[in-house]
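Novice: According to TrEMBL, the transmembrane segment annotation covers 20-39, 90-108, 114-132, 153-181. Positions annotated as domain 'SLC26A/SulP transporter' by TrEMBL: 22-154. Under the heading domain 'STAS', TrEMBL lists 197-278. Taken from TrEMBL, the feature compositional bias 'Basic and acidic residues' covers 324-336. Taken from TrEMBL, the feature region 'Disordered' applies to 324-352.
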Amino acid sequence: MVDEVLEDAPERGFLQILQIGGSAVFVIPLISIVEHIAVCKSFAQRRAVDVDQELVALGVSQVLGAFVHSMPVTGSISTTCVNAVSGVRTTFGGIWAGTIVLLSLAFLTPYVGYIPLPALGAIVICAVLHFIEYKEAMDVWKTKRVDMVPMMVTFLACLVIGLEWGFLVGVMSNLLMLLIVTSHPNVPTLKFQISDDTKVVVFRPDRFLFYPGIQKVRNLINKGAKRNKDSLIVVDCINLVDIDFTAAKGLGAVAISLKLNQRDLVFVNVSHPVDKALKGFTSDGVVTYETAQDWINTIEQKAMSESDKEEFGVLLRSLSRLDSRNDETEKHRIDADSEDSENEEQSYSTRV
């Protein structure tokens, strides 16, 4: 029968198959992955689950099943729950279940249509009822209540508009929350004075800096530069591991704008990826230092006059000579102490 249906079916290209499948082409793989990983972690019993190997096994099953006209397969929650309740402990349970399914298809197919749908639904509900984790929702509520938003949105969407679109709505709601968090980075502002004439305003972003949050950082730097016209503007990148092109472009634009007004925007504690991104946009208007101490040393050297530098050099040489003399004196003192101790030992041995 299957061969007759395939012979009568018109040939369709890959794009036409995608159009016929619609959203299911993207949603079914997502659901299969989520369901498979959920089953593995739920029944692992505190044992480690290698997610990569599970996904490889799932992908190989899909590829091999395509050669025998198989439906998309995954780890079934209902089947796994039924096996767990029935006391199945080995993989032979899968072979036994597959044998029963083949026998049912061969001999009981005409009678399956008479099974009431409520009865099938009751079987599935009873099988997966204990799979609902009420405690997990309570833990999320106690830990971080904001995470309840995508959880409830996904749950309600799956009930109202179906499983496929419910998963998509849940994923989009979670991505929206991540976008909101990324677009509002926390940028503490620090003010301090490193010398009598040098004041510094430091901006320290506390996370990854990508395109949604660069506008807020630019506004903070511009406002800080206007309010502190006599201060040096510094961006402390100690918490920045990486930035994207838009963030590098925004920071570079601020640096160039300040440079046109005879002011510098300095980046300190810059990692290699961040430095590469900043220098990739513009190498002329961006000043970066690997550590904050390197920048402070540069400021101190620029602030010194020639006479101050000479006096500083003489002072360093004097200190070095003084240190060497102290070392020699300490060495002579140690030698003298050792000689005295030897004399005392000899006199003591003589008395004994």
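Cβ coordinates come from backbone N, Cα and C, glycine included.
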Novice: Taking a Cβ cut-off under 8 Å, which residues six or more beyond the ends of the transmembrane segment (20-39) line up next to it in the same chain?
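Specialist: Same-chain contacts beyond the flanks: 12, 49, 51, 54-55, 58, 72-77, 80, 163-165, 167-168, 171.
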Novice: Check the domain 'SLC26A/SulP transporter' (22-154) for me and report the mean pLDDT.
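Specialist: Residues in the domain 'SLC26A/SulP transporter' (22-154) carry a mean pLDDT of 82 in this prediction.
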Novice: By DSSP, what is the split of the domain 'SLC26A/SulP transporter' (22-154) into helix, strand and coil residues?
Specialist: 100 helix, 0 strand, 33 coil
